[in-house]
């Protein structure tokens, strides 16, 4: 029996089943792969119900604060979260990882080492981003400034994507991260299955080139560079999901602005293994009503999940979403609606074997790091209705994975049994 034929049956079973199937926990070791429109881990479908915590390296660089990292992963694991996304960059400025091109701060690198070690201990996979689009933690601007100080004729942050020296700086940073030897786990990053994927950049944009050609060429070049150094890990571009010239009919879905990216064309590039989308209706449409923002969210998610499934044929993660407590009129119920909407779209696709493979809320915090609270932060240890929504999604996706695992194991057993009962001439062998 083919697994595709069982997807409708699976949906019914999930609705009728209790949460705990009694199946032994599936192993979390090994490298995450893609298989069609799904992620796969150790031969079974894998789902990324997780969170963003960009501050992990920064906080862990101070040994006296590392207990906060342990608490974060412990809390996440208790709530069934499986993936965390964080920064592998801090370029120039205060507490830099990279002081100047090729010059690194060992304390910061050891902070990232520790975060990866704790993630590994708690069975959580990590997505590491190589650079930032924005000025915080250096970003494109810092790379361009470094090139300008060496005499390059660069005048705009957008030169990050085209200047040869800037690109060399960036490629060298990628190489430094991939070849980093973790001082805690004694494993090079490029060989560490705790890392689920690399991300080229957090939210790349090139507004000076609305055609999208600059970023298309840059992603093509950098994806090839990463894959030349590391064939173990998945790679994604860090895109927010804005449509471009390759799908003009979908550009009406975009929020206002010029971004220089193309969701379809950028994600078709060889070496880009899965698709990402971000969504912040309260930021992108601040003057719109709550209902209008939710209408946008539903259309935005539907379009991207469908395109990942039917056009790109790759898994998709909603890599950033949330609801700010700092917006006028905010209520916890509004945030719950946003989370439930996102999770329902993911679950509806996943239970049918579709492309939606998970969501990472922005952002996870713990007690004692109030300076990182941007309005979106969620502390799992503080009981709230949103935390219950998060935990429920973890249980749902875990159940799907267990059911798929049972189906796969039954198919393996049937094939093995059939082979064992047939002799060399095709005669059935009696027991």
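Numbering starts at 1 and runs along the chain as displayed.
Cβ atoms here come from the backbone N, Cα and C positions, even for glycine.
Look at Swiss-Prot and you will find 203 tagged as active site, proton donor. DSSP assigns residue 203 (active site, proton donor) to coil in the three-state reduction, outside any helix or strand. Within 10 Å of the C-beta of residue 203 (active site, proton donor) there are 20 other C-beta atoms, taking all protein chains into account.
Following the DSSP three-state reduction, the secondary structure of residue 320 (active site, nucleophile) is strand. What Swiss-Prot records for 320 is active site, nucleophile.
For 87, 202, 280, 362, the entry in Swiss-Prot reads substrate binding site. For residue 362 (substrate binding site), the count of additional Cβ atoms within 10 Å of its Cβ stands at 23 [all protein chains shown]. Under the DSSP three-state reduction, residue 362 (substrate binding site) is assigned to coil, being neither helix nor strand.
For 1-25, the entry in Swiss-Prot reads signal peptide.
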Give me the CA-CA distance between residue 87 (substrate binding site) and residue 203 (active site, proton donor), in Å, as a whole number.
12
How many whole Å apart are the CA atoms of residue 203 (active site, proton donor) and residue 362 (substrate binding site)?
14
Going by a 10 angstroms cut-off between Cβ atoms, which of the binding-site residues 87, 280 has the sparsest surroundings?
280
Among all protein chains shown, how many Cβ atoms are found within 10 Å of the Cβ of residue 202 (substrate binding site), not counting that one?
24
Among all the protein chains here, how many other CB atoms are within 10 A of the CB of residue 320 (active site, nucleophile)?
22
